[in-house]
Amino acid sequence: MAGIVTEPWSVAENGNASMTAKGSSRELRLGRTAHNMSSSSLRKKSDLRVIQKVPYKGLKDFLSNLQEVILGTKLAILFPAIPAAIICTYCGVSQPWIFGLSLLGLTPLAERVSFLTEQLAFYTGPTLGGLLNATCGNATELIIAILALTNNKVAVVKYSLLGSILSNLLLVLGTSLFCGGIANIRREQRFDRKQADVNFFLLLMGFLCHLLPLLVGYLANGKTSAAVLSDMQLNISRGFSIVMLISYIAYLVFQLWTHRQLFDAQDQEDEYDDDVEEETAVISFWSGFFWLVGMTLVIALLSEYVVATIEEASDKWNLSVSFISIILLPIVGNAAEHAGAVIFAFKNKLDISLGVALGSATQIGLFVVPLTIIVAWILGINMDLNFGLLETGCLAVSIIITAFTLQDGSSHYMKGLVLLLCYFIIAICFFVDKLPQKQNAIHLGHQAMNKVVTATGGGVFSS
């Protein structure tokens, strides 16, 4: 029965459903990334016995889809935040309330997008399904970044993307290793290093692409104009972005075709595998497609609210935009997959937890960031890969300390605790950062070196 849609109304909605969804549980799971495995831990089985008694087929189809898509998650309690945010927008409620409600509404939507892409993977096959999962895995971050760009809020874009990488490397992975170590304190937790090594190679390459535009600012002398240095930085960033996108495409080929076995979710036969093996497609292909389009539009709407109200929320809450963008946005926006990663760490399945944290960080760093640079280029907005001295330093230390933490293929709670403490250190740094958003020292390159260092020490962005 694995892989076949058993509900009669689903088959009736799509006559070929049972044929296209066929396949063993193992075949379907090949198309699932760790991201999807993580999100599945927050889903709950739907009881459709009452809906089956509805005499009208169209209403039965709609109610069954509503049950699976809206109520089929443990985060369904947060869905009322979506209409609440919309109502508050048109009723003139204070903008910080709109900002907070929008963030809460994005949390279940991100998990549902993962669910819907996995449902489509039942019909498209493991390879195309895995490609779809990899592309939509960080749709929320990408949408927020593009909408912020259209509002010319380059600093918010850079902050939010940097925060996503830092939260995955330090917060998500740290929490997973710490909780997993505590829950399995009497036995050693081990994981496959091969997947982690690939991700770290790519993350270090991405860090190099951020470091070099920053160093261009130190090439200045008294005869070099700020405009020349700015153009150099911008052109370098655009060229690097193309290289980063090429590397991400190669990464997808490596992950989905040539070395798929390194990235397959754990297939251990133990007491925790029952919830994975029993999963089948619960909605038809076209239902999943239209639900995915609708969810994406709602994410775009809430993301627009977040971008429009972030400065007002910063003023009212007395928090810097950098702290909100780097710390709060990633925590709330990715809470679903983060919680799933921790749950699998409790179950001693660190390969899945590492796949979530490192895979998401790699996707942000090598796909979302360069794609945002390209989109800004198309829109005529000058956005570069110089994330500032403080921010680039945080990125470098995060990658290095995480790589050292995972170098021996084993884990205990102390490793997770150190990663968490590093994240708290960075959070404190940006919490006390009250400097206004202004131009980075790259535009002051013609000044003396001591002035450059003084200007960059605050860790602000160039635009």
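In case you wondered, yes, glycine gets a Cβ from its N, Cα and C as well.
If you check TrEMBL, you get these features:
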| type | residues | note |
| --- | --- | --- |
| TRANSMEM | 75-100 | transmembrane segment |
| DOMAIN | 96-257 | domain 'Sodium/calcium exchanger membrane region' |
| TRANSMEM | 120-149 | transmembrane segment |
| TRANSMEM | 161-185 | transmembrane segment |
| TRANSMEM | 200-220 | transmembrane segment |
| TRANSMEM | 240-257 | transmembrane segment |
| TRANSMEM | 283-307 | transmembrane segment |
| DOMAIN | 288-431 | domain 'Sodium/calcium exchanger membrane region' |
| TRANSMEM | 319-346 | transmembrane segment |
| TRANSMEM | 352-380 | transmembrane segment |
| TRANSMEM | 387-406 | transmembrane segment |
| TRANSMEM | 412-432 | transmembrane segment |
Stretch contact, the transmembrane segment (240-257) with the transmembrane segment (200-220), Cβ-Cβ under 8 Å, 3+ pairs: yes
When counting Cβ pairs under 8 Å to the transmembrane segment (412-432), the leader among 200-220, 283-307, 319-346, 352-380: 319-346
Cβ pairs under 8 Å between the transmembrane segment (200-220) and the transmembrane segment (352-380), at least three: yes
Remote residues contacting the transmembrane segment (352-380) - C-beta distance under 8 A, at least 6 residues beyond either end: 33-35, 37-38, 134, 137-138, 141-142, 145-146, 149-150, 154, 157, 161, 164-165, 168-169, 172-173, 176-177, 180, 191, 195-196, 199-200, 202-203, 205-206, 237-238, 240-242, 244-245, 247-248, 251, 263, 265-266, 334, 337-338, 340-342, 344-345, 406
Positions whose Cβ lies under 8 angstroms from the transmembrane segment (75-100), at least six residues beyond its ends: 42, 107-109, 111, 298, 301-302, 305-306, 308-310, 312-313, 316-317, 336
For the transmembrane segment (319-346), sequence-distant contacts whose Cβ falls under 8 Å of one of its Cβ atoms, 6 or more beyond its ends: 35, 37-42, 75, 103-104, 106-108, 110-111, 114, 140-141, 144, 155-156, 159-160, 162-164, 166-168, 171-173, 175-177, 179-180, 183, 189, 306, 310-311, 313, 352-353, 356-357, 360, 426-427, 430-431, 433-434, 437, 459
Secondary structure composition of the domain 'Sodium/calcium exchanger membrane region' (288-431) [DSSP: H/G/I, E/B, coil]: 121 helix, 2 strand, 21 coil
